[in-house]
Amino acid sequence: MNDRDFMRYSRQILLDDIALDGQQKLLDSQVLIIGLGGLGTPAALYLAGAGVGTLVLADDDDVHLSNLQRQILFTTEDIDRPKSQVSQQRLTQLNPDIQLTALQQRLTGEALKDAVARADVVLDCTDNMATRQEINAACVALNTPLITASAVGFGGQLMVLTPPWEQGCYRCLWPDNQEPERNCRTAGVVGPVVGVMGTLQALEAIKLLSGIETPAGELRLFDGKSSQWRSLALRRASGCPVCGGSNADPV
């Protein structure tokens, strides 16, 4: 860590829970962010600002006018430009001292597994069930911690899932690929709510990477109308085809 790093990250380094050792861990880490929408853009901003050494930014979509209500990395001038490339450009302006890789593709199959294998933490910021399930399966197979979130209306949810998966995985809670009846396309979403959830994904990633204990194995639910939180304990499903031990299928 050089003098420039010390000055840039000085407000984090002052924290006993992070200090120089924790900051160096962040600088040496790689985070894969899949989905650069309402969740992924605030998460990416805070992780870049915090000095995570390598951010891999994956999204196959372009910026649309309807995104601008909540996807805070983008401006009107970015409409029809690839989200991954715009994100890389904006984050470089924020922190030119980190490595930023743009993947303008929908990660799936071997490409997904390769990206997960190189990451220290994966942030699932996607918006469809099939993709979430595939990300979860890859993370479990490769023992990569997964931080997943979603938001619709005034509500959000967050999970931190870590090896050895004693509290289960995403499929334990949602055992099939059926899409929820309500999503932001059909029911809408309040921008700050999805921002809260994406920011918390960044916070949990910083904690994991710097060695701060974090409560894993909980489904945390946020009600934006009442500003209330509640947590539900997760339990591994004995017959889970992803994390269920001898019952698990190979990925």
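Cβ coordinates are placed from backbone N, Cα and C, and glycine is handled just like the others.
Pulled from Swiss-Prot:
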- Arg11, Gly38, Asp59, Arg70, Lys83, Leu107, Asp127, Asn128, Met129, Ala130, Thr131: ATP binding site (BINDING)
- Cys169, Cys172, Cys240, Cys243: Zn(2+) binding site (BINDING)
- Cys184: active site, glycyl persulfide ester intermediate (ACT_SITE)
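Features per Swiss-Prot, on structure.
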{"residue": "Arg11", "record": "ATP binding site", "contacts (Cβ under 8 Å, 6+ apart)": "none"}
{"residue": "Asp59", "record": "ATP binding site", "contacts (Cβ under 8 Å, 6+ apart)": "Ile34, Gly35, Leu36, Gly37, Gly40, Pro82, Lys83, Ser84, Ser87, Leu103, Gln104"}
{"residue": "Thr131", "record": "ATP binding site", "contacts (Cβ under 8 Å, 6+ apart)": "Ile34, Arg106, Thr108, Asp124"}
{"residue": "Cys169", "record": "Zn(2+) binding site", "contacts (Cβ under 8 Å, 6+ apart)": "Asn136, Cys139, Val140, Leu146, Leu161, Arg236, Cys240, Val242, Cys243"}
{"residue": "Cys172", "record": "Zn(2+) binding site", "contacts (Cβ under 8 Å, 6+ apart)": "Leu234, Arg235, Arg236, Ala237, Cys240, Val242, Cys243"}
*asked:* For the binding-site residues listed here (Met129, Cys240, Cys243), tell me which residue's CB has the most neighbouring CB atoms inside 10 Å.
replied: Cys243
*Tell me, by DSSP, whether Lys83 (ATP binding site) is helix, strand or coil?*
helix
_Can you tell me how many other Cβ atoms are located within 10 Å of the Cβ belonging to Lys83 (ATP binding site)?_
27
_Max pairwise CA distance, angstrom, over record-listed ATP binders Arg11, Gly38, Asp59, Arg70, Lys83, Leu107, Asp127, Asn128, Met129, Ala130, Thr131_ = 39
_Three-state secondary structure, which DSSP defines for Cys240 (Zn(2+) binding site)_ = coil
_Other CB atoms, at most 10 A from the CB of Asp127 (ATP binding site)_ = 20
*Using the recorded Zn(2+) site (Cys169, Cys172, Cys240, Cys243) as reference, state which further residues of the same chain have their Cβ within 8 Å of the centre of those residues' Cβ atoms, listed in sequence order.*
Asn136, Val140, Trp165, Gly168, Tyr170, Arg171, Arg236, Ala237, Val242, Gly244
